Amino acid sequence: MNANSTTTAIGLTSPFEKLSFFPHSSNLILAHLHEIIFSFVFYQLAFSVVAPFLNKVVFRKHYTTIRDPLLKIDFNVHTVSMIQAVVSNTVLLPTLTTPMHYNVVTYTDSYSSMVSSLSAGYFIWDLTMCVRYFKLYGLEFTGHAIGSVYVMLLSLRPFCQPWIGRFLIYEASTPFVNINWFIMQCNAKSKNSIPLWFNVVNGLLLMTVFFVVRICWGSIASALLFRQMWKVRDELPKFSAVTMMSLNIFMNLLNVLWFKKMIRIAKKLAKPAPTSKLD
């Protein structure tokens, strides 16, 4: 099987392929536009309808008594993020069977394009939330959303499609990040409303998974991708290659920054509470 193998060689096809608005277009963004739109609408409905319902059922008074509208929005956004992490980690699994040595410039298949499109739809939604509530999410999350949208759309050039699932696997740490956030919000209102053991277990899983998939694998994957690009350097679209690697470096640095914050929080929580001396 050569490096330019297409979807027919490995049997990866999008289940939504027949719903395309532009089924005969050679432009992958147009061919998969329906998946981008579907994904955006899906997550908007999840934010507006599903998340509020789930939060009322799961968190009860911790959610229903919130008076700060921004905090309630943040609750809903974190719930949507949980849904997206489950969806993303499920749909990306078949893409991990795509050999890494396939040509990063020419390789594409219908299924990987679908994964990119569904992810692009989510990150476009995420970007709209970051812009709309910039005071809440700030420059870090907005920058992350912009970079993610760009990378997903760039993969529909096509570019680096064999690596889509291998970078989206970062989302494996997202559920633990969100659970940690929910625990902090619940305990802020009612101290120890979440058992300490549950908090500790989730915290350990969060730091372990985050370190493995985002710090370790993130660095290794970036190095391997750079090596793959170097092998086909004469074919590379220069601007796309430079921006892709720049964004990889940016994302890796951002992950290191977030991991350092986790360590600081963990150290703070591990410190025993000060006790007053009895005279």
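Keep in mind that glycine also has a Cβ here, set from the backbone N, Cα and C atoms.
According to the topological domains annotated in Swiss-Prot, Tyr102 and Ser190 fall on opposite sides of the membrane.
If you look at the transmembrane segment (136-156), the same-chain residues 6 or more away from its ends with a CB under 8 A from one of its CBs are 28-29, 32, 70, 73-74, 112-113, 116-117, 119-120, 123-124, 126-127, 129-130, 164, 167, 240, 243-244, 247, 250-251, 254, 257.
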